[in-house]
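These come from TrEMBL:
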type	residues	note
BINDING	54, 293	FAD binding site
BINDING	166, 167, 168, 169, 170, 171, 172, 173, 189, 253	NAD(+) binding site
DISULFID	45-50	disulfide bond
DOMAIN	366-447	domain 'Nidogen G2 beta-barrel'
Ligand SMILES: Cc1cc2nc3c(=O)[nH]c(=O)nc-3n(C[C@H](O)[C@H](O)[C@H](O)COP(=O)(O)OP(=O)(O)OC[C@H]3O[C@@H](n4cnc5c(N)ncnc54)[C@H](O)[C@@H]3O)c2cc1C
Ligand SMILES: NC(=O)c1ccc[n+]([C@@H]2O[C@H](COP(=O)([O-])OP(=O)(O)OC[C@H]3O[C@@H](n4cnc5c(N)ncnc54)[C@H](O)[C@@H]3O)[C@@H](O)[C@H]2O)c1
């Protein structure tokens, strides 16, 4: 059907961290901008990701001191989402000069996007459509209707016995939180360690902590088959035997969401199916950019926003410059947390660098002792000759905040000696970074 044609300077598809940033930036500059969203404002992070998961983690921490029912936990999670969402159902887009269209965008041609009966026409279109949970190819798994991050915050009952497939950020964060709220959790990770993006010491210590808490961790897991049985339970066949659980939560990676019609326009994709972009953010389709998780780079809200900030600038100025390289830190909000900035020791060695490290246990410092959060450690990775910081890795309370400080130091070329010589307030978690750097300095002096 021929739709009503509407002319814009920019059309943005998707209102996650990436699309929101680009649409508002250009709208506030007075450009004529349309934003299309098919499901909800705020994307995965606000609706099914960061916000509900971090709220649940806090509630689960509290549940260790006094029991909290699943119903109460969910009500509190949803209240937090409301608070973060704010009370403007239109997301304040009119104030930012952005026309919001509800519906699923599909491409008719480069620069022509249909949504319902409308056809939006613009010289620049940004695809910021994010990802959805991927299902690993385990026979019977899809038919067993497993839970994902899209459904777990809505189930009426907490599964008594829960299998979590995947020992990455989602499986670790939700697995521990759901265990603390009362599920008997078995976590299956296909690789030989959980948190495989981290230092091996972090993976091993976190597994020890999980197991001490009562979470069963199966690494090197080979899930051969899943079946939802007549009584509603799920049977999982593995190399280690058969597990029967009440439900399964899949947290085994994401797959990109590509708008209809775009593949037919010759969209280039990478080997995993994510949209391939030039260093400036442009796709292979004329006038079409892509930003955020759908580009398959770092799948974090803060990275989506960083990428979006630069792409908005490129569109505004009509340029195609590389998005500057930056250290991308991250945190995994287990208890204790994981904080990650820069290279791991193995990555630094793979680059042929001469590497020294400094390690310090949290229990050696007063802030961790006085707050009773003595588990974990910091490990810094430095250039053996110059002491330049290459990476910093934390498994401890406040690791998420420590990763930010470490990122600042690495990005701006500081050395272990400079960090060690910087006064930090006493007693704080921040001292862990300082004194781990001091350990690296003395290690290098000893040779
Ligand atoms: C459980 C979980 C916990 C997480 N925790 C963290 C965390 O603590 N910290 C962190 O940094 N990151 C976290 N993340 C990752 C974070 O959510 C993503 O990196 C972020 O949401 C990416 O933003 P985006 O804009 O690229 O895409 P998304 O947030 O996925 O937004 C894409 C939007 O596009 C819309 N859309 C898709 N197709 C169309 C179409 N054809 N037409 C119209 N609209 C469309 C979707 O409805 C969606 O609203 C978490 C993710 C999950 C799943
Ligand atoms: N704190 C945070 O910032 C945060 C929290 C949650 C999610 N996220 C983002 O969301 C993305 C997706 O998270 P995720 O945890 O789903 O994915 P992931 O890809 O990071 O981890 C998935 C894990 O599942 C394992 N796996 C895959 N197939 C398996 C199988 N058949 N059996 C057992 N294990 C299997 C993989 O080996 C991997 O360790 C992350 O990469 C991250 O960027 C971030």
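Here the Cβ of each residue, glycine as well, is placed from N, Cα and C on the backbone.
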Within 8 Å of the Cβ centroid of the NAD(+) site residues 166, 167, 168, 169, 170, 171, 172, 173, 189, 253, which other residues of the same chain have their Cβ?
-> 164, 175, 194, 195, 251, 252
By Cα-Cα distance, the member of binding-site residues 166, 172, 293 nearest residue 45 (disulfide bond) = 293
Going by DSSP, give the three-state secondary structure for residue 166 (NAD(+) binding site).
-> coil
Counting each residue once, how many in the domain 'Nidogen G2 beta-barrel' (366-447) are helix, strand and coil under DSSP?
-> 39 helix, 17 strand, 26 coil
Can you tell me how far the Cα of residue 166 (NAD(+) binding site) sits from the Cα of residue 293 (FAD binding site), in Å?
-> 19
Residue 54 (FAD binding site) versus residue 172 (NAD(+) binding site) - Cα distance in angstrom = 12
Near ligand 1 by the Cβ criterion (under 6 Å), the recorded positions from 50, 168, 172, 189 are 50
